[in-house]
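What TrEMBL says about this protein:
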TRANSMEM  42-63  transmembrane segment
TRANSMEM  75-96  transmembrane segment
TRANSMEM  103-122  transmembrane segment
TRANSMEM  128-149  transmembrane segment
TRANSMEM  161-182  transmembrane segment
TRANSMEM  194-212  transmembrane segment
TRANSMEM  286-304  transmembrane segment
TRANSMEM  324-342  transmembrane segment
TRANSMEM  354-374  transmembrane segment
TRANSMEM  380-399  transmembrane segment
Amino acid sequence: MNHRSPSSSGLLPLPLPGTPSSSWRLYRARLFAFMRDPNTSVLVAFWLFGLINNILYVLLLTAAQDLVGPSIPKALVLLADVMPSFLTKLIAPYFIHLVPYSIRILFFVALSSGGMLLVALTPNTQSVGVKMVGVIIASVSSGGGELSFLGLTHYYGVNSLAAWGSGTGAAGLIGAGLYVLMTDWLGMSVKNSLLVSALMPGIMLLSFFVILPRERIKQTTGTTGYEPLPGLDRDDAADGETEIDASAASVALLSEPGPSSVTAYHNNTANKSTSFWANLNRAKSLFWPYMLPLLLVYVAEYTINQGVAPTLLFPLDQSPFGEYRSFYPFYGFLYQLGVFISRSSTPWFRIHHLYFPSLLQVGNLILLTLHALLNFIPSVYLVFVVIFWEGLLGGAVYVNTFAEIMDNVPAEEREFSLGATSVSDSGGICIAGFIGMAMEVWLCDWQVQRGRDYCRRVEVS
């Protein structure tokens, strides 16, 4: 492999603070040079693409209780936030390549901001259905954006894919934490918090039209709509497979060969496009080792998040909160923190037996459901630990499932296998949405009846 020093890429190492050669002017000059480097621009742009494209999804789920109120299952928001995106990713690949990337970005930014504005500006006195229309619009934008940005990584190499993945992982943590920050700590209303969120998609315009070096994209008359420029550095692509930036190492395992292989990919499309039945047989072979454990963990964790967590309430004087609506967003924040940490753990920790953490997640679902029924966990802080553990398990199964596919599936089948297995998380979320709607209503009714029975016993005594 061709190992290169920092100086060979145009970037010299900074002197240590306190040495004669160090100065603020020198640090500032090196920082500006680093930010102007095309490779840095690509990493920053794709990290922001991943962050902003996914952050609205997380914000809407975190705000679910505030959007629909206490009497409507929060899983309704989950379904409105997931199903349109899932259908978009299912249908759009067959025609979206005909639309230039610049037009797509403008369209998806408009959809995202418009959907969030509709949610924010709809008065509480109007139907929840109007707010759900806004959620659906934002969901379509998220699904189409994911398709487009993942396709765009073919023209910018392995590190762009790693940066995209890192940004999507950060979206979960930042999104949940941002909503808690705005509503609980800064005292902003739900409406104003969502209005601020409606401005965030504009960052994607900045990323695409200002930060991203778009000279690497060239529109063609080919069937793909775009092709990589021949001047891309093949050494960069080769080094990218192993010398991945440490900040994106958590998602490096999902990366395919760099831009030098994209042309070969398009030239061999016919060889890779096997029949429907051959792909169906491949999918069947993926079900037991990869799809099922990923499906199980998503069904369990999203059933917890949307069906059980809203019922996990404690007396306010035994909690760090001043009102009951603060429990649910904080549960979401702890869950996303666990997901982010575990999705960043694969360079140091790997799980090869995927069923074990998936079954542990099912155990979390059983434990928290029993507590919602029987109220035997003595402290809300123990529930905090379980929710954080839930996030760790969910993120670990997700990232290690794809790591196992990268390790064990033959290279000629790997691209299809990664895409086919990803159906499991979308399917798991949708199944959990339907289960959660029924479970939340059932648990709430149980708790109300249990409280009435307790009050009767107190009165009799």
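Just so you know, glycine gets a Cβ as well, placed from its N, Cα and C.
Curation does not apply to TrEMBL; its annotations are automatic.
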Closest-packing stretch to the transmembrane segment (42-63), where packing means Cβ pairs under 8 Å, from 128-149, 161-182, 194-212: 161-182
Stretch of maximal Cβ-Cβ contact with the transmembrane segment (324-342) [cut-off: under 8 Å; candidates 161-182, 194-212, 286-304, 380-399]: 380-399
Chain residues in Cβ proximity to the transmembrane segment (380-399) (below 8 Å; excluding those fewer than six residues from its ends, i.e. six or more beyond): 169, 250-251, 253, 293-294, 297-298, 301, 304, 309, 312, 314, 318-319, 327, 330-331, 334-343, 345-346, 351, 354, 357-358, 360-361, 364, 367-368, 371, 425
Distal contacts, the transmembrane segment (103-122) - CB-CB under 8 A, six or more residues away: 56, 60, 67, 96, 130-131, 133-142, 144-145, 148, 191, 194-195, 197-202, 204-205, 208-209
Cβ-Cβ under 8 Å with the transmembrane segment (286-304): same-chain residues at least 6 beyond its ends: 78, 335, 354-355, 357-359, 361-362, 364-365, 368, 387, 390-391, 393-394, 397-398, 401, 404-405, 417, 420-421, 423-425, 427-429, 431-433, 435-436, 439
